[in-house]
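Peer 1: Reproduced below are the annotations present in Swiss-Prot:
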- Tyr33, Tyr155, Gln159, Asp162, Gln177: L-tyrosine binding site (BINDING)
- Ser215: ATP binding site (BINDING)
- 38-46: motif ''HIGH' region' (MOTIF)
- 212-216: motif ''KMSKS' region' (MOTIF)
Amino acid sequence: MDDSLKTITRDVLEVITPEELMDVLKKDEPVVYTGYEPSGRIHLGHALTVRKLRELQDAGFRVKILLADYHAYLNGKGSMERIRELADYNQKCFLALGLSPERTEFILGSSFQTEPEYTDLVYRLALITTLLRAKRSMAQITRESRDHKVAEVIYPLMQVIDMVYLGVDVALGGMEQRKIHMLARENLPRLGFDAPVCIHTPLLHGTDGSEKMSSSKGNFIAVDDSPDEIREKVKKSYCPMGETEGNPIIEIVKYFIMPEYGMMTIRRPEKFGGDLELELDELLEMYSSSELHPLDLKNAVSDYLVDMLEPVREYMEGV
């Protein structure tokens, strides 16, 4: 169990609470859930949580992925027809990223979110949730707008009740999900249900250096991009000399390449110091001190990403 806990908590920002997670790990097949809005290309930001889902699966969890079509609709991501088309594409991408088809359940939100019992629970939750609390929980999820819609406060209430319907032991998400997860932990016990354990992963910065990688902003590397597209996007990515914080290229190294390989080879001409074999701490130190040039790092990251995402491209071409 100690090894499982170490793997599950690696590269996460917080677990609420570690003690409760230990209890969950004693179950035969606990359930971890993540919800995704089908609203665009699947990119490295999604792959960050999928990697953690794979680790949880290896630790004995059953994975439930909510393809949140109604949530995407409430968040202004397009027509239901288009959203459902994207849900099918999303499912293929998640399997291509290595989730076990036997131990992964994909659930379309609209398959249960209009049932009377579900609606009744949403109403009961609405009665004990303040308007301010519901609005605050959506601050990092809704699109920027001055013309706010009532849909923005329905969204978090539905997400909380989703956890009841899916029999969730652990809710996994990026830090933008934290306030909704805390709403679930606070109010589900008041409705007679157990509070989920919450695991929060970092948000991957966009290739333009903005706070979050997003398909709607175009600042992403898709998991099914071609090798040429990957190289071009990495080449153009924000990667300031000597800066590691908020640097998407450094984050790709930290959260994708190093966990997979443990060490990274940086190819450089002899006149610029020759090739390097670096562990994460060494790479961060060299980059922080400007001993490692952004272009050399980008070239190496491109090579690794092209290699790592090749199985995804092959899978997607075959389905």
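Keep in mind that glycine also has a Cβ here, set from the backbone N, Cα and C atoms.
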Peer 1: Quick check: of the binding-site residues listed here (Tyr33, Tyr155, Gln159, Asp162, Gln177), which one has the Cα closest to that of Ser215 (ATP binding site)?
Peer 2: Gln177
Peer 1: Taking residues 6+ outside the motif ''KMSKS' region' (212-216), which of them lie with a CB under 8 Å of any CB in it?
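Peer 2: Counting only partners 6 or more residues beyond its ends, the motif ''KMSKS' region' (212-216) has Cβ contacts under 8 Å with 39-41, 43-45, 77, 143, 176, 203-206, 222, 248.
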Peer 1: For the binding-site residues Gln159, Gln177, Ser215, which one has the sparsest Cβ surroundings, going by other Cβ atoms within 10 Å?
Peer 2: Ser215
Peer 1: Please list residues from the chain of Asp162 (L-tyrosine binding site) whose Cβ is under 8 angstroms from its Cβ, counting only those at least six apart in sequence.
Peer 2: Tyr33, Gly35, Leu66, Ala68, Gly109, Gln113, Val168
Peer 1: Please give the average pLDDT for the motif ''HIGH' region' (38-46) in this predicted model.
Peer 2: 95
Peer 1: Treating G and I as helix alongside H, and B as strand alongside E, what does DSSP give for the motif ''KMSKS' region' (212-216) in helix, strand and coil?
Peer 2: 0 helix, 0 strand, 5 coil
Peer 1: Over all pairs in Tyr33, Tyr155, Gln159, Asp162, Gln177, the listed L-tyrosine binding residues, work out the largest Cα-Cα distance in Å.
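Peer 2: It comes out at 17 Å between the most distant Cα atoms.
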Peer 1: For Gln159 (L-tyrosine binding site), which DSSP three-state class applies?
Peer 2: helix
Peer 1: Looking only at the motif ''HIGH' region' (38-46), how are its residues distributed among DSSP helix, strand and coil?
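Peer 2: Split by secondary structure, the motif ''HIGH' region' (38-46) comes out as 3 helix, 1 strand, 5 coil.
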Peer 1: Near the Cβ of Tyr33 (L-tyrosine binding site), how many other Cβ atoms are there if near means within 10 Å?
Peer 2: 24
Peer 1: Relative to the Cβ position of Tyr155 (L-tyrosine binding site), how many further Cβ atoms are located within 10 Å?
Peer 2: 24
